[in-house]
Amino acid sequence: MADSDAEKAANASIDMAPGPVSAIDKDAMKLAEMGYTQDMKRNFSVWSVLGVGFSLTNSWFGISAAMITGINSGGPLLIIYGIILIAIVSTGVGISLSELASALPNAGGQYFWANELAPRRYANFTSYLTGWFAWAGSVFTSASVALAMGSAMVGCYQLSHPDFLIKTWHVFLAYQMANLFCFFFNCYGKTLPKIATVTLWTSLISFAVILITVPAVAPTHQHAKFVFTTFINNTGWAQGGIAFIVGLVNTNWSFACLDCATHLAEEVHRPERMIPIAIMGTVAIGFVTSWFFSMSMFFSIVGDFSNISTSSTGVPILELFFQALGNRGGAIFLEALIIATGLGCLVASHTWQSRLCWSFARDRGLPGHRWLSKVHSSLDVPVNAHILSCVLVAIVGCLYLASLTAFNSMITACIVLLYISYSIPVCCLLLRGRCTIKPGPFWLGPLGLVSNVVLLAWTLFTLVMYSFPYARPVLASNMNYVSVVYAVVTIIMAADWLVRGRNSFRGAGERKADVRDVVEAVRLGSVS
């Protein structure tokens with residue numbers, strides 16, 4: 001496809017730049033050709049980007065937090081085979097994201113791709129829609145991880161104090177403590193790559209310790225038939241297939257947020273290669289760890305399974321550890337490994353949501369964009385975007401006090417909203433034609449097309465099926481309010497678009513017009 005006049009001008013300015021070519025930061029120059037300046041330093045390596053990506057997705061941790069909920073809606077069969085199904089879908093999602101991240105590496109990720117690929121007439125609104133869905137999904141994701149941490153910490157205390165009765169406000173307080181604690185880890189840019197690498201190894205070491213210890217110490221083990229063929233339906237749905245789908249939400253949560261690495265594209269060198277490695281590595285490690293973890297834990301269940309699902313700790317995996325090891329100290333130690341892993345997950349989620357907020361704000365996609373788009377010169381992080389995102393997570397947590405059911409609906413929303421944000425640029429790509437864009441180093445041709453179709457089909461499936469009630473008979477206490485969450489997000493987004501966004505949002509046309517000036521600024525800064 002022919003370059004636009006602005007792109008030709010940018011390329012010409014690069015070709016004619018005086019001074020040694022090696023003096024020019026090629027990554028910064030590629031970014032300038034998109035109309036952006038290099039606001040943050042490229043401190044991340046491929047390992048630290050993978051650390052952030054996997055720490056956030058962290059499939060085995062997700063399974064540990066949601067295992068029993070899934071079992072009530074399908075049993076071990078759901079988890080064991082559901083992981084395989086979601087891993088296949090996630091491979092398609094990962095390939096779709098990796099191709100776009102390789103061709104168009106930008107911290108904006110999906111909202112930037114939508115702006116580049118959509119028809120010019122609809123590009124700004126399409127991009128704006130994508131950005132809002134992605135950021136809302138990231139906030140809800142952080143809330144879900146913080147809740148898992150709050151529940152785990154309170155559960156450990158209850159196990160060590162058997163007479164302690166857990167109340168909603170206990171978990172809420174621990175939720176807010178986890179959110180605040182993890183907030184500080186994203187306040188200094190130079191340490192983030194090291195933190196990401198540490199959280200990656202923390203997760204893998206914790207996984208290995210639990211995987212080996214629990215089955216080795218458990219006095220008895222379940223039969224293979226229980227692990228691989230047992231189907232449990234405690235949902236009230238007469239149809240087993242519906243029960244399976246309702247439970248699949250929890251397994252799907254364990255593979256969510258695969259776009260995380262794409263939003264670090266401006267903090268790593270050669271992002272067109274490094275980001276796809278991080279995304280696909282996240283899927284591969286996530287599948288291996290989550291599947292073997294699930295199988296190991298199911299074999300290690302001691303006694304009646306109902307004792308685990310009704311644990312007074314409120315954390316079934318902790319009860320499983322206690323029954324397998326036979327002592328409270330050992331169970332709390334293993335749960336502490338999960339908590340350490342989960343806190344790393346929440347740190348990564350904060351990194352992700354702050355980059356989404358910052359990148360979207362620099363194109364004036366959010367109210368207060370002038371404040372949110374600033375990167376602190378000495379801390380080298382978008383502090384304002386980070387503060388706002390974490391404050392929103394704290395506010396969302398207040399809903400837990402009012403209704404656990406409504407809060408759980410936001411967890412479902414985080415999955416579907418993110419899938420929608422992936423699907424919009426992919427739809428634009430297919431309508432435009434895959435052959436019309438210049439591919440990056442990661443481009444799989446026909447396999448990429450199949451992956452695009454898988455992503456779109458799964459998004460449609462989740463949008464419909466994940467809106468079903470969690471159980472029957474349907475009551476106010478077990479109703480799935482995810483449609484209300486969609487409505488609230490859409491109303492907020494539509495109001496901002498009508499009042500401010502449609503006149504303020506900086507789309508591809510305005511960015512392309514700024515390319516020459518941005519490229520010149522980068523060139524002068526590089527060779528001075």
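Every residue gets a Cβ built from N, Cα and C, even glycine.
In TrEMBL, annotation is done automatically, which means it is predicted and not curated.
Positions annotated as transmembrane segment by TrEMBL: 44-71, 77-104, 125-149, 169-188, 195-217, 237-256, 277-302, 331-352, 383-403, 409-431, 443-468, 480-499.
Same-chain neighbours of the transmembrane segment (169-188): 142, 146-147, 149-151, 153-154, 195, 314, 343, 346-347, 350-351, 354, 379-381, 383, 386, 390, 393-394, 397-398, 400-401, counting only residues six or more beyond its ends whose CB sits under 8 Å from a CB of the stretch. Counted over residue pairs 6 or more apart, the CB atoms of the transmembrane segment (383-403) and the transmembrane segment (125-149) come under 8 Å in at least three pairs, which marks the two as touching. When the stretches 125-149, 277-302, 331-352, 480-499 are ranked by Cβ pairs under 8 Å to the transmembrane segment (44-71), first place goes to 277-302. Spatially, the transmembrane segment (125-149) is not adjacent to the transmembrane segment (277-302); fewer than three Cβ-Cβ distances between them are under 8 Å for residues at least 6 apart in sequence.
Residues 51-53, 55-56, 58, 61, 64-65, 138, 141-142, 145-146, 148-149, 152-153, 155-156, 159-160, 178-179, 181-183, 185-186, 192, 195-196, 198-200, 202-203, 206-207, 209-210, 213-214, 257, 260, 263-264, 315, 317-318, 321-322, 325, 386, 389-390 of the same chain sit 6 or more residues outside the transmembrane segment (331-352) yet have a Cβ under 8 Å from a Cβ within it. By the Cβ criterion (distance under 8 Å, sequence gap of 6 or more), the transmembrane segment (195-217) is counted as touching the transmembrane segment (277-302), at least 3 such pairs being found. Same-chain residues lying 6+ beyond the ends of the transmembrane segment (443-468) with a Cβ under 8 Å from its Cβ atoms: 88-89, 91-93, 95-96, 99, 102-103, 242, 245-246, 249, 252, 412, 415-416, 419-420, 422-423, 426-427, 429-430, 434, 480, 482-483. Non-local neighbours of the transmembrane segment (237-256) in the same chain are 57-63, 66-67, 69-74, 78-79, 82-83, 85-87, 89-90, 141, 144, 231, 283, 286, 290, 411-412, 414-415, 418, 462, 465-466, 468, 470-472; each lies 6+ residues outside the stretch with a CB under 8 Å from one of its CB atoms.
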